[in-house]
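Only one structure is covered here, and it is reproduced in the block below.
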Amino acid sequence: MIFKRLVPAAMFVAAFSLPAAVPAHAEADAESLVNALNAVFGAHDGVRAAHTHGFCVKGNFTPTAEAASLSKAPHFNSKTPVNLIGRFSMGGGNPAAPDFQKDNVRGIALHFDIGNGNTTDLLMISAPVFVAKDPDQFLSLLTAVATKDKEKIGAFFQANPNSTRQAQWLNARPVPASFATVNYWGIHAFTFTNAEGKTQVIKYKALPVAGEVGLTDEEAKAKDPDFYRPELAERLAKGPVQFTLTAILGEPGDPVDNPTELWPEDQRKSVTLGTISITGTEDDKTCDAGIFDPTLVVDGIEGPANDTIFPMRSAAYAVSFGRRAK
Ligand code: HEM
């Protein structure tokens with residue numbers, strides 16, 4: 001999500017008069033987070049509680065030789081392209097979230113087919129940071145925003161400046177012209193292990209082969225709220241939409257348990273893991289039949305041990321799925 005941008009930009013950045021009491025301590029669990037998402041965006045039958053507006057695609061992934069030097073995961077060692085199913089989405093739980101919104105993240109979710117009916121998943125958003133460092137902070141944020149009370153919302157952001165970083169980052173950049181022309185980050189720090197047992201902490205980043213292309217504010221305003229889907233179909237009619245998947249190599253001291261902290265990626269080495277090729281659209285039912293689960297990793301990849309957002313996502317996605325599948 002997100003944020004997956006869960007709340008209007010103004011709510012992140014505006015200077016509100018202070019203060020009003022926002023619960024200092026929240027006890028988040030998967031149910032309370034999904035309920036809080038519903039409180040902000042409305043509960044909509046049969047759809048995701050977050051990243052609701054989106055569509056399904058298919059394609060493949062071709063690893064580089066270097067990928068194997070970092071991880072023994074099957075999709076990084078395959079001699080042939082690995083099939084994948086993907087989904088592009090807008091952050092937040094509004095089924096009609098406008099594609100031209102600047103302060104909302106774009107998402108890409110991938111199931112890599114690693115054989116025998118198994119997949120491993122990777123979810124990325126178009127900003128290098130999330131809006132909360134832990135589930136309690138996320139619940140407090142959503143709870144504050146759901147009140148629609150400017151004082152409460154202002155007090156939250158005053159007390160939690162790390163939660164404003166994502167919107168600041170998005171607002172400093174243009175609206176992406178396409179899902180195919182923006183960078184995506186995996187947010188969490190993963191640990192890769194190669195065949196020799198050597199480990200390396202990394203963050204994923206996918207760079208569009210078409211380059212980063214944005215719209216002016218005027219161009220964005222003139223767009224249809226649902227322009228990304230036809231735009232991508234038109235692009236795909238001419239050839240695959242590709243991304244270079246990279247691993248940014250972490251160094252000692254880089255934060256690994258707080259998804260609101262940036263790594264200084266321009267001062268870090270990165271390794272090209274391979275090329276994601278989106279080759280066509282796919283029936284949305286294929287993507288809606290299950291969840292894209294960030295914790296669904298495979299031997300050679302490990303999630304962050306002390307990042308409490310990471311396991312909570314899996315639980316919250318399962319709650320969202322349970323409700324939308326009814
Ligand atoms: C505790 C924190 C979070 C909560 C509670 C949360 C909640 C959700 C929920 C409920 C869904 C819909 C799941 C479904 O019905 O299939 C979702 C989807 C998604 N989330 Fe999160 N999320 C969190 C953090 C993150 C982070 C850090 C990222 C960054 C990569 C992220 C990226 C995505 C993406 C890309 C999707 C769309 C998946 C799809 O297309 O099916 N989320 N999130």
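From the backbone N, Cα and C atoms, a Cβ is placed for every residue, glycine too.
Taken from TrEMBL as is:
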ACT_SITE  His51  active site
BINDING   Tyr317  heme binding site
DOMAIN    19-325  domain 'Catalase core'
SIGNAL    1-26  signal peptide
Sequence-distant neighbours of Tyr317 (heme binding site) in its chain (C-beta under 8 A, six or more apart): Ile291, Phe292, Asp293
His51 (active site) CB neighbourhood, other CB atoms within 10 A: 30
For the domain 'Catalase core' (19-325), the mean pLDDT of the predicted model: 96
